[in-house]
Amino acid sequence: MLEIDGSHGEGGGQILRTALSLSCLLKKPFRIFNIRTGRKRPGLMPQHLSCVRALILISNAKAHGDVIGSTELVFEPSDPKAGEYFFDIGTAGSTTLLLQAVLPTLIFQRDHSRITLTGGTHVPFSPSYHFVSDVFMPILAKLGITLHASILQYGFYPRGGGKISIEVSPSSKVKALTLVDKAEPLKMSGISVVSDLPLSIADRQKNAALEAIGRSGLTAEIETYKVTSYSPGTFLFLKARTQDCLAGFSSLGERGKRAETVGKEAAEELLNYDRTTACLDHYLSDQIVLYLANADSESSFTTSGITEHLLTNLWIIEKFLGIRYSIQGEKGHPGKVTIIP
């Protein structure tokens with residue numbers, strides 16, 4: 001049985017999510033120990049347990065240690081099955097992090113699947129729904145993976161209650177990808193959104209972002225609108241793209257945080273990306289490597305930042321798949337990643 005030290009590298013929930021995904025995909029059992037031992041609240045939290053329980057259901061797996069606070073888990077998958085699945089994470093737990101965990105297994109099944117998830121759609125420390133729908137999924141489409149996403153209800157902290165639905169088409173293989181040269185000016189666009197708050201807040205977020213972008217001699221198109229949710233909330237999402245390259249950046253509002261700060265945060269991240277020659281942003285980079293590791297030939301891409309998340313994900317993928325990979329550049333700086341399945 002594969003043994004995994006959960007304290008390696010980033011040492012958080014990502015190691016567990018990637019291990020669960022690859023375990024089900026390969027039908028390879030594993031034991032993970034030291035789960036989140038470096039965190040203030042070590043062990044499995046409800047968010048992580050949601051991923052474990054979801055993949056137990058999808059792959060008819062056996063698990064030991066799947067309780068809150070456990071720092072060790074044994075997971076033994078059986079036969080994953082496509083189908084229609086509904087997962088309620090509870091309150092504002094991240095729907096997108098759970099989606100990351102279950103997608104790889106369902107993509108490689110023979111039949112279509114539909115996943116409906118309730119929880120948080122735009123919450124801290126996780127990709128926003130719009131990052132997934134507008135950045136992550138279009139890149140997967142370049143790999144030959146077809147997904148359709150819809151948001152049925154927005155969910156903000158603390159009550160959550162958001163709902164998203166993902167339709168998964170089966171893929172027999174993954175195309176390799178080479179994205180190394182930005183080559184052309186970025187086209188920038190975005191949305192500024194409020195729920196149960198005045199639309200003027202969305203306008204202030206938008207104007208602050210446009211002002212920051214304009215100071216760099218660039219332009220963007222940003223729409224504003226209101227949505228409904230169980231908790232008040234705001235966010236601004238910015239997308240930058242060329243024909244081949246893609247990046248996305250989000251900033252969330254919170255009590256006491258000025259709307260102008262929300263707008264500037266996302267804009268500054270986008271501008272930092274624009275100052276590099278990289279094709280992919282550092283968030284997308286660590287999310288895409290699992291799929292490239294299952295591609296039919298060598299892939300390479302440039303990233304705006306080599307992060308601990310990226311390095312940790314490559315480490316755990318190598319343990320399961322035995323891939324070869326190389327990284328040009330230093331942690332915390334732009335670089336190039338090459339993956340040989």
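Heads up, the Cβ atoms here are built off N, Cα and C, so glycines get one too.
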Request  = Return the residue out of Gln100, Gln109 that TrEMBL annotates for the same ATP site as Tyr283, Leu284, Ser285, Asp286, Gln287.
outcome  = Gln100
Message = Please count the residues of the domain 'RNA 3'-terminal phosphate cyclase insert' (184-273) that DSSP assigns to helix (H, G, I), strand (E, B) and coil.
response = 32 helix, 32 strand, 26 coil
Query = If you measure Leu284 (ATP binding site) to His309 (active site, tele-AMP-histidine intermediate) at Cα, how many Å is it?
reply = 11
Task = Pop the Cα-Cα gap between His309 (active site, tele-AMP-histidine intermediate) and Ser285 (ATP binding site) into the table, whole Å please.
result = 9
Ask   = How many Å separate the Cα atoms of Gln100 (ATP binding site) and His309 (active site, tele-AMP-histidine intermediate)?
value = 14
Ask   = Among Gln100, Tyr283, Leu284, Ser285, Asp286, Gln287, listed as contacts of ATP, what is the widest Cα spread in Å, to the nearest whole number?
value = 13
Request  = Pop the Cα-Cα gap between His309 (active site, tele-AMP-histidine intermediate) and Tyr283 (ATP binding site) into the table, whole Å please.
outcome  = 9
